[in-house]
Amino acid sequence: MWAIGGVQLNSRLLLGTAQYPSPQLMSDAVKAAGVEIITVSLRRQLSPQKENYFWDLLRSLPCHLLPNTAGCSSVKEAVNTARAARELFNTHWIKLEIIGDEYTLQPNPFELVNAATILVKEGFEVFPYCTEDLILCQRLVDAGCRVLMPWAAPIGSGRGLMNTYALQLLRERFPKNILIIDAGLGRPSHAAQVMEMGFDAVLLNSAVALAMDPVVMAAGFAKAVEGGRLGYEGGMIKARNVAKATTPLIGKPFLIEKP
């Protein structure tokens, strides 16, 4: 059991709702993974009438909605989108995304901090999508963000943890903040590695939605997240350069001599 934004949760896996072959398959994947938080784009919800079925399906799921500002590239766009999302979804949660480069989909750190500062003052619980840059994360925390969502690699790349050192440093430097890896994971083993490092949760979309079987993949990621977290809580042994016998030699009729 853990808490985020004043909400008690069991699952440490969050799922995005885009790119699935069908809305029903998305719903099945969410249920298979036992997910309790799903992200949704406000811009999709403001699209034509044909999307009403998708919205109705989202509302039928026993999940908390985390609207995002996907597609925004400026403070003004992001803040206005966040305000609209609060009215539409009746939540003060907002996943803040402000893209600075269309090729890498890397967030714009300067606009991100400015927008986060405004939204925190307006009472939002801001979930900023950011890089693993320590100084950027510190500025976001200084702005009032209690949650940080650094990427492991560029969105949709599936490359896994590209800068393990920087991510581990974030965990060490921000022990009281909730850290959720957002973007770049492609395999359940990536998620397990993140959780073993002490991160609080993982947000996925492409790795599940674009899998050959999204439902099975969602379930696999859920187990990996749980296993990784248990490994962290259990206290893993440190790696050694030499072997260490697990069977005691007390009472043995012989001794092992060094070569």
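Our numbering is plain: 1 for the first residue shown, then up by one each step along the chain.
Cβ coordinates are placed from backbone N, Cα and C, and glycine is handled just like the others.
The shown structure was predicted, so the numbers you read here are calculated from the model rather than taken from an experiment.
If you look up Swiss-Prot, you'll see LYS95 marked as active site, schiff-base intermediate with DXP, on the strength of sequence analysis. Around LYS95 (active site, schiff-base intermediate with DXP), taking its Cβ as the centre, 27 other Cβ atoms fall within 10 Å, counting all chains. According to its DSSP assignment, LYS95 (active site, schiff-base intermediate with DXP) is in a strand.
Contacts of SER206 (1-deoxy-D-xylulose 5-phosphate binding site) defined by a Cβ separation under 8 A and a same-chain sequence distance of 6+ are given as GLY16, GLN19, ILE155, GLY156, GLY158, GLY186, in order along the sequence. The DSSP secondary structure for SER206 (1-deoxy-D-xylulose 5-phosphate binding site) is helix. Swiss-Prot lists GLY156, ALA183, GLY184, ASN205, SER206 with the feature 1-deoxy-D-xylulose 5-phosphate binding site.
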Other residues with Cβ within 8 Å of the Cβ centroid of GLY156, ALA183, GLY184, ASN205, SER206 at the 1-deoxy-D-xylulose 5-phosphate site?
PRO154, ILE155, SER157, GLY158, LEU185, LEU204, ALA207
Could you tell me the maximum Cα-Cα distance in Å between the residues recorded as binding 1-deoxy-D-xylulose 5-phosphate, namely GLY156, ALA183, GLY184, ASN205, SER206, rounded to a whole number?
10
Helix, strand or coil by DSSP: which one applies to ALA183 (1-deoxy-D-xylulose 5-phosphate binding site)?
coil
Pairwise CA distance, ALA183 (1-deoxy-D-xylulose 5-phosphate binding site) versus LYS95 (active site, schiff-base intermediate with DXP), rounded so that it is a whole Å:
13
Which ones in the same chain are close to GLY184 (1-deoxy-D-xylulose 5-phosphate binding site), with CB under 8 Å and 6+ residues apart in sequence?
TRP151, ALA152, ALA153, PRO154, ILE155, SER157, GLY158, ARG159, GLY160, LEU161, MET162, HIS190
